[in-house]
Structure formats: structure tokens, C-alpha cells
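Worksheet: the structure to be examined is printed underneath.
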Amino acid sequence: MGIRGTLTEGVLKNIIISYVYVFIWIFLSFIVIIYNKYILDRSMYNWPYPISLTMIHMAFCSSLAYILVSVIKIVKPVQINRHVYLKSIVPIGFLYSISLWLSNSAYVYLSVSFIQMLKALMPVAVYSIGVLFKKDSFKSQTMINMLTISFGVAIAAYGESKFDQMGVFLQLGAVVFEATRLVLIQILLTSKGITFNPITSLYYVAPCCLVFLSVPWIIVEVPKLQNDSKFEFDYFVFMTNSFCAFALNLSVFLLVGKTSALTMNVAGVVKDWLLIAFSWSVIKDTVTLINLFGYAIAFLGVAYYNHVKLQALKAKDEEEKKENHVDDECGKLDDDKLARMIEAGK
């Protein structure tokens, strides 16, 4: 009875901890998205400089990651040579910088709710680019599911009351660059046994982003900032915004480390619905029935995609367990055979 009660308490404790991590990630992700929208939107804080905002984030995250890794030494750096850095980290940093630039730029043109609907295309982009780079195999059933998601997003876009071509172009570009980054992480890093947690990732990648973003920043935004004589840098707003962005990266590490990447995907769907509801009820963005109908179709497609991935992971785990069991049995037989040979020698 005592053992059963202890096990029950342990399982319950793990479940509660998992839900706490999910809540923290959803909360921080929610805060960062709304905060970025507040800063960039012309009708709110009115600072429409997405490259500058992204560079502030990268400078803050680079500095804090450096302190944690090199000064305080809470986290050990991953040992990588110059060749790996130039061939693997730099391309990923380039893609990440463009993805962040485009996604933050979209907040100037589109509502929070519509952006979340467009983000439902991420599995479509990741799968398509994975097939293109031969990281994933083409499956007709999966492609039908991807087309269903795309169809749902297209309906949502058709029902958008404040449709903006530039905003849609920017957000779709962000999805493509982010999906390419995720696929290249698997090809350039994971396949080589190189893994980063969010702190070491920022330690190596954020400085690259800062360098790459400086080029469009000088060309596009510096002249505008020089003419914006009315603006005064609010340290509280930008530092708290940057700290939230850094905290979000830490929460990703906690969530994936204590649960799984699939849990984060499912939590992401919940977060998107909450953002849509918040955008409609608080920010007063217009959300039409056609929007919701289209996104519901896309949501079902994403949910089915996550379900299929979960089943595949379970099947893989079971196969590995069977292989380990067979290896153990073979080891036992070899030990028995050796014991008999020793006895015979005596």
C-alpha cells in the first residue's frame, strides 16, 4: 500500500511538473508575441523598426549567454572547431536572423490572430523542405495531410478582413526560412552528434545573427531612425522585452528537456488558440467565422500530423526495446556457453 501510494504520488508530481513547464512556456511565448506586437504596431507603442528590435534581442541574449557560459560558467560550452562553426553554425545563424527579421516585420502589417493562423503552415514547410533535402521520405498520405493544412490556411486568409499582401509575404517568408533552419539543424548538427541547449545555442548563434542583421539595418532602418527625432529610447520597455525573449529560450529547454518536443508542439496549438482569443477580445482584432473555419481545418491537420509523429516515436521506442532485449538474451547465451567451456576444460 505504501509503495503504491509512493508511486502514485511520484507520477502525480511528474504530471504536475510537466503541466507547470507547459504553462510557463505558453505564458512566456504569449508575453513575447504580444509585447513585440505592442512595440512594433503603429497604433500602439509606434516603433516600427523590426530589425532594430531583433538586434536588441540578439545583443541582449548574446551578452547574457556569454556571462552564463564564460563568466559564471553555469553551462559548459560545446567544443566545436572553426570549420564546424563556419560550415554549420554560420548558415544556421543566417537563416535564423532572416526568419526573426521577417516574422517581427509581419507584426507591423498583420493582426496577431492572423499571424498565428499563417504559422500553422510550419509543418508543411518543414516536411516539404525535408523531402527536398532528402531528410524525409515522400509519403502520399503525409502530403495529403499537408495539403489539408494548406487548404485550411488558405480559407483563413480568404476570410481575413485586414488582409495585407506585404504582411502575408513577410510571414510566409519567415516560415520558409525557419523551416529551412530546422531541417539544416538536423543535417549539419544533429547528424554529427552536436547538440545545443538554448543557452549554448544563443552563445554561438546570436552573435552571427547580430552580424547578419547589421547589413539590412544600416541600409533600411538607420536612415529612418536618424530622421525619427521624436523617439527616446525607453530602457525599461526594451530591456524587459529582451529579458522575456531570453526567458522564453530557457523555457523551451525546460519544456523539451522534461517532456518532449512533441509536447511543445501540442502546447503550441493551445497557445495559438489563446492568442487568437486574446487578439479578438482584448486587442479588438477582427476575427471572422471564415477565419475560424479555415483555421479549424488547419488545426485538425496539424493535430493529426502530431498524432502520426507520436505513433511513429512509440513504434521506434518499442523496436529499440526489442533489439536491446535480443542483445541481452544473446549476451546471456554467450555467457552460458563460456561457462560450459570453462567447466569442460576443468
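Cβ from N, Cα, C; glycine included.
What TrEMBL lists as transmembrane segment is 12-35, 47-72, 84-102, 108-130, 142-159, 165-189, 201-220, 235-255, 262-283, 289-306. According to TrEMBL, the feature domain 'Sugar phosphate transporter' maps to 20-306.
Stretch with the most C-beta contacts under 8 angstroms to the transmembrane segment (165-189), considering only 47-72, 84-102, 142-159, 201-220, 235-255: 84-102. Residues belonging to the domain 'Sugar phosphate transporter' (20-306) score a mean pLDDT of 88 in the model.
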